[in-house]
């Protein structure tokens with residue numbers, strides 16, 4: 001699953017004007033920006049266990065409810081399922097005929113069931129008489145039902161028959177309704193599914209645990225003018241005997257699979273079709289009349305399937321794969337086997353009206369979900385504790401796939417800004433959690449669909465891949481998929497296969513990264529002895545509040561690589577740091593050569609160099625001899641050290657000024673993120689304008705160089721950079737940028753000269769930031785007229801930039817209106833909170849005042865966590881942490897408990913940072929402006 005913005009995930013992640021780990025994109029129209037990864041999908045949990053004991057602040061840990069998995073005395077072999085949805089009354093009727101195996105004689109069957117009413121149930125032993133159930137006992141809190149029978153069901157096979165009814169809900173989970181407009185403007189509803197993690201039980205009674213696999217024979221009774229899709233291809237279509245306006249559509253038997261991967265969709269769609277080079281039929285389903293917008297995703301999917309076939313050396317096992325755009329969809333996308341569902345913005349590309357970042361986002365999400373067809377669907381985690389392996393792996397390999405399809409995207413550098421640094425930020429908190437979290441009750445499931453499962457997971461797999469080497473990694477992956485295909489596996493099973501392939505101590509190395517929270521800071525000093533350089537290297541746990549100085553400091557098995565100024569792109573030495581400290585000798589190196597740890601920024605750790613070593617590296621930023629990914633990593637490490645109070649923020653501002661010649665988009669994107677964090681922090685002071693001036697000074701040269709018009713020979717990254725820089729300058733009040741943005745906006749609105757898609761976000765942002773009520777009205781009018789969801793989202797994400805308090809209120813009211821899709825309300829409120837000090841206060845008040853409606857809308861989903869994070873993460877006053885904590889003590893949000901703790905911690909960290917460095921920053925910014933004496 002892909003959590004949209006995250007769950008919005010994807011590069012380039014923009015943290016503009018949102019403090020610390022709040023990644024709300026105010027700059028680009030980048031669906032990627034929205035932190036999609038965190039929304040990929042909900043989190044998941046295991047056995048009869050409680051949350052991990054390695055969390056540090058156990059006094060504030062959410063209390064875990066005891067949980068028992070389903071009994072194993074009866075289990076399914078095949079589900080025969082027929083569903084008949086009513087698209088007018090929003091109900092559905094269902095018939096289940098499941099072939100089951102009774103392992104142990106019993107007079108009851110326990111299954112998962114939620115929001116479903118069972119009408120009748122019976123059991124037919126193989127060759128025996130039908131036995132009617134005498135009672136249905138619903139355990140609503142545990143989402144289970146116990147079917148009682150008058151006598152014991154004997155060991156052997158039989159058929160369980162259940163007739164039931166349910167509701168097509170509006171909660172974007174289970175079997176639900178999704179609102180759309182026909183080309184003529186008529187409002188209609190589709191019936192669609194979202195089952196991961198534990199919502200198949202809302203569509204039919206089932207054994208809803210990933211390890212209880214079975215085959216499925218699905219039939220749908222639907223209006224004859226609607227498209228009906230499921231995991232497999234259609235094998236029969238015939239009129240319904242009782243109503244000739246209905247069709248009965250029967251699908252082929254699925255492979256053995258988990259319930260959370262089952263899917264069905266009934267609605268009105270067009271499609272485009274292609275075939276991969278290995279013979280799989282690929283279709284992309286779009287809203288009616290928009291088939292053209294499916295062509296880019298089709299092109300990516302047709303290239304991606306053979307890439308994975310080749311990489312895993314295991315063929316895709318189904319005859320077809322469908323990718324479909326769903327109007328109301330909470331996640332970014334969901335990897336249902338053979339029928340992958342997407343938000344419209346994660347699948348549809350309009351050749352004229354889609355921006356470059358949207359194309360990149362679609363490519364990444366398609367790559368992510370198709371990777372799951374093998375890693376997750378063919379081999380499935382045994383329990384939700386191992387969710388990270390599914391999501392971390394797919395979040396890593398999506399980049400490998402996009403790099404293969406679009407080498408000009410420089411996507412691995414973007415990975416560092418979008419995933420790696422984001423995971424480091426979150427994992428430095430005391431309220432982080434280990435990658436592997438023991439999970440129990442379904443109510444816990446949403447909590448860990450976060451940047452640790454996705455982004456830290458992807459980052460440690462990238463580090464592992466680098467440590468093993470591609471050849472042995474692929475060999476181990478092939479062995480793992482073959483050994484466990486159509487079965488379930490745990491994290492340790494993958495480590496075993498990779499260990500056998502590489503001969504390296506994988507389980508030992510990786511357990512230090514997955515089973516304990518956090519990561520190390522590597523402290524480095526050097527001494528020249530003749531022609532040799534002696535490096536003293538030590539590790540200790542890095543914390544957002546400063547280095548860990550406790551007695552019980554954890555250690556990691558850290559793969560360390562080293563390069564030198566002689567050849568910055570080549571690793572000179574590799575060691576495995578398996579102790580608190582070590583000494584390394586580099587031979588034949590002259591005293592004037594710099595030494596860099598972690599080339600490629602692959603190892604998952606921060607680095608603190610001695611002053612002399614850092615001084616030696618700085619020229620490599622100015623003259624660009626350091627690789628872009630290393631320039632980015634160096635700056636990001638120092639920024640993080642300043643927030644932790646280990647160096648002065650002034651040192652980072654001085655470093656940032658060295659980037660004046662920087663040409664690389666991703667390096668600028670990360671700089672922009674960090675300056676946005678700083679700008680948000682300083683909005684709590686009376687010198688906010690001074691940091692805007694610093695931003696204008698830093699970004700003006702690159703802005704002048706790029707200009708407004710696309711030049712011949714420019715590519716994807718130039719378009720991304722132009723949008724980033726112009727948006728940054730416009731927001732910071734750069735007068736020439738503001739004037740040009742207003743001129744172009746006027747021409748766009750009047751239809752004289754339509755803005756190119758890549759310029760829309762920066763222009764919209766700029767005119768709104770410095771606009772009035774007329775500007776806002778015009779923008780809302782553009783929103784209403786927009787036919788494409790990407791354009792609506794682009795506008796929604798920047799509306800919060802408006803400055804006047806009464807207009808901010810208008811935007812917040814708009815967020816809950818019918819004009820905004822339920823999953824996008826969070827983006828609008830987040831945009832308000834991330835844009836100004838007043839916006840932050842207004843958004844938090846709005847969330848409190850409308851809590852009941854918002855919580856009811858998102859319930860246990862990850863969107864509620866995202867909403868809380870975006871609303872409060874930017875505060876920097878101690879008392880706000882107390883206020884937030886107090887509010888959520890009286891307004892329970894179980895799925896967001898950890899998020900609330902993280903937000904309170906971030907607020908306290910921001911407040912400490914401000915107290916510590918505000919005066920020095922102010923003095924430095926004033927000194928910069930002072931005329932030379």
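Glycine is no exception: its Cβ is also placed from the backbone N, Cα and C atoms.
Copied over from TrEMBL:
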{"type": "ACT_SITE", "residues": "369", "note": "active site, proton acceptor"}
{"type": "BINDING", "residues": "368, 372, 391", "note": "Zn(2+) binding site"}
{"type": "DOMAIN", "residues": "76-261", "note": "domain 'Aminopeptidase N-like N-terminal'"}
{"type": "DOMAIN", "residues": "296-513", "note": "domain 'Peptidase M1 membrane alanine aminopeptidase'"}
{"type": "DOMAIN", "residues": "594-907", "note": "domain 'ERAP1-like C-terminal'"}
{"type": "SITE", "residues": "454", "note": "site 'Transition state stabilizer'"}
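Every protein chain shown contributes to the tally, and the Cβ of the residue listed as 'active site, proton acceptor' ends up with 30 other Cβ atoms within 10 Å.
With a 10 A radius on its CB, residue 372 (Zn(2+) binding site) counts 27 other CB atoms from all the protein chains. In this structure, the CA atom of residue 368 (Zn(2+) binding site) is 11 Å away from the CA atom of residue 454 (site 'Transition state stabilizer'). Between the CA atoms of residue 454 (site 'Transition state stabilizer') and residue 369 (active site, proton acceptor) there is a gap of 13 Å, rounded to the nearest whole number. With a 10 A radius on its CB, residue 391 (Zn(2+) binding site) counts 33 other CB atoms from all the protein chains. Around residue 368 (Zn(2+) binding site), taking its Cβ as the centre, 34 other Cβ atoms fall within 10 Å, counting all chains.
Rounded to a whole value, the Cα-Cα separation of residue 391 (Zn(2+) binding site) and the residue listed as 'active site, proton acceptor' is 10 Å.
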